[in-house]
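Structure first, then comments.
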Amino acid sequence: MNPQAKLMFTASLFLGTTITISSNHWVTAWAGLEINTLAVLPLISKSHHPRAIEAATKYFLAQATASALVLFSSMTNAWCTGQWDITQLTHPTSCLILTSAIAMKLGLVPFHFWFPEVLQGSSLTTGLLLSTAMKFPPITLLFMTAPSLNPTVLTGMAILSAALGGWMGLNQTQIRKILAFSSISHLGWMTIILSYCPKLTLLNFYLYTLMTAAVFLTLNSMKVSKLSTLMTTWTKTPSLNTMLLLTLLSLAGLPPMTGFLPKWLIIQELTKQNMAPAAAVISLLSLLSLFFYLRLAYCTTITLPPHTTNHMKQWRTNKAISTSTATLITMSITLLPISPMIYIIV
């Protein structure tokens with residue numbers, strides 16, 4: 001892609017995100033979401049491969065439907081209450097439509113079907129954008145409207161997301177699809193606590209973004225997209241593979257890694273809100289996700305050559321790990337001891 005075009009699309013992404021997260025009026029928030037959607041479409045389809053074009057088309061259709069629902073929800077609320085302010089969403093029908101629209105934007109169950117397919121058709125760097133930066137504006141809208149939304153609907157969607165995200169990721173061999181189902185599962189954790197402690201939703205999103213960015217950048221530097229290729233990468237970059245193992249365990253939420261912090265705080269808060277059964281169910285469902293993270297970790301470091309995989313061995317390279325990847329990996333592994341400070345800041 002032309003560097004000037006790429007710069008323009010990236011700047012548009014920043015612009016759309018900034019407009020949405022800083023707006024109080026529904027129309028400006030909707031305009032920011034539209035700018036984001038239009039800016040990321042060329043980045044998805046830049047390879048001109050039929051799968052990339054298909055992914056861009058699916059992404060456009062899903063996001064256009066969700067944007068139309070956001071606009072319809074805000075117009076219904078304005079018609080009934082006379083309010084265009086985002087925080088004044090009070091009409092029950094508008095709240096339900098908005099919940100569906102944001103769920104479609106994020107890829108929450110039952111509106112998740114487009115997300116794995118789009119991620120599979122994109123490159124790893126575009127997949128990183130779709131999994132992290134593109135979810136920030138909808139998460140912000142959820143945060144601002146949290147007091148108005150129905151907690152029962154959100155809890156149901158959250159438990160379904162954790163269940164399906166873990167279950168559908170079990171038999172995947174494509175790493176991008178595994179990371180898509182991982183994202184759906186994490187969104188379940190963010191949604192279940194939204195009505196009770198919205199700042200924990202944001203903390204979970206920040207830490208998820210950190211860990212997912214580390215995984216995507218590591219896989220991109222190793223040029224890996226399938227499990228069979230991942231099995232042969234130890235000969236190429238053993239130190240990076242070891243770091244990837246630890247980052248995957250952190251993403252799974254195992255102590256004493258960073259990923260354990262949001263799960264720990266969410267379970268604690270749910271118990272305080274007399275929602276111990278929901279906390280128990282979502283904790284048990286996270287074991288499904290743990291299985292495919294352990295499968296990835298196993299393929300990364302424990303299946304050392306020689307083995308029976310029919311795949312060309314790769315030469316070991318002396319290419320240094322980039323500073324950004326190293327920083328993200330370090331933070332993904334070691335932030336748990338300073339968790340009180342993080343919780344106070346957020």
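Placed from the backbone N, Cα and C atoms, the Cβ positions cover glycine too.
Annotation source TrEMBL lists domain 'NADH:quinone oxidoreductase/Mrp antiporter transmembrane' at 23-288.
The annotation domain 'NADH dehydrogenase subunit 2 C-terminal' is assigned in TrEMBL to 290-343.
Among the features that TrEMBL reports, transmembrane segment is placed at 56-76 (among others). Residues 26-27, 29-30, 33-34, 37, 40-41, 44-45, 84, 89, 91, 93-95, 97-98, 100-102, 104-105, 111, 114, 117-118, 121, 130, 141 of the same chain sit 6 or more residues outside the transmembrane segment (56-76) yet have a Cβ under 8 Å from a Cβ within it.
Residues or ranges marked as transmembrane segment by TrEMBL: 96-115 (among others). Residues 33, 58-59, 61-63, 65-67, 69-70, 72-74, 76, 89, 130, 135, 138-139, 141-142, 145, 149-150, 153-154, 157-158, 160-161, 163-165, 180, 183-184, 187-188, 191 of the same chain lie 6 or more positions beyond the ends of the transmembrane segment (96-115) yet place their CB under 8 Å from a CB of it.
Non-local neighbours of the transmembrane segment (152-171) in the same chain are 96, 99, 103, 108-110, 112, 116, 177-178, 181-192, 194-195, 275, 278, 281-282, 285-289, 291-292; each lies 6+ residues outside the stretch with a CB under 8 Å from one of its CB atoms. The transmembrane segment annotation in TrEMBL covers 152-171 (among others).
According to TrEMBL, the feature transmembrane segment maps to 178-196 (among others). Sequence-distant neighbours of the transmembrane segment (178-196) (same chain, 6+ residues past either end, Cβ-Cβ under 8 Å): 106-109, 112, 115-116, 119-120, 127, 131, 135, 139, 142-143, 146-147, 149, 151, 154-155, 157-166, 168-169, 172, 204-205, 208, 212, 215-216, 251, 262-263, 266, 269-270, 273, 275, 278, 282, 285-286, 288-289, 292-293, 296.
Under the heading transmembrane segment, TrEMBL lists 202-219 (among others). Sequence-distant neighbours of the transmembrane segment (202-219) (same chain, 6+ residues past either end, Cβ-Cβ under 8 Å): 124-125, 127-128, 131-132, 135-136, 139, 143, 175, 179, 182-183, 186, 189-190, 193, 225, 240, 243-244, 247-248, 250-251, 258-259, 261-262, 265-266, 322, 324-325, 328-329, 331-332, 335, 342-343, 346.
Annotation source TrEMBL lists transmembrane segment at 240-258 (among others).
Feature annotation from TrEMBL assigns transmembrane segment to 278-299 (among others).
Same-chain residues lying 6 or more positions outside the transmembrane segment (320-345) and placing a CB less than 8 Å from one of its CB atoms are 203, 207, 210-211, 213-214, 217-218, 221, 239-240, 243, 246-247, 250-251, 255-261, 265. Taken from TrEMBL, the feature transmembrane segment applies to 320-345 (among others).
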Intrachain residues whose Cβ lies under 8 Å of the transmembrane segment (240-258), provided they are six or more past its termini: 182, 207-208, 210-212, 214-215, 218-219, 221-222, 233-234, 264, 286, 289-290, 293-294, 296-297, 300-301, 321, 329, 331-337
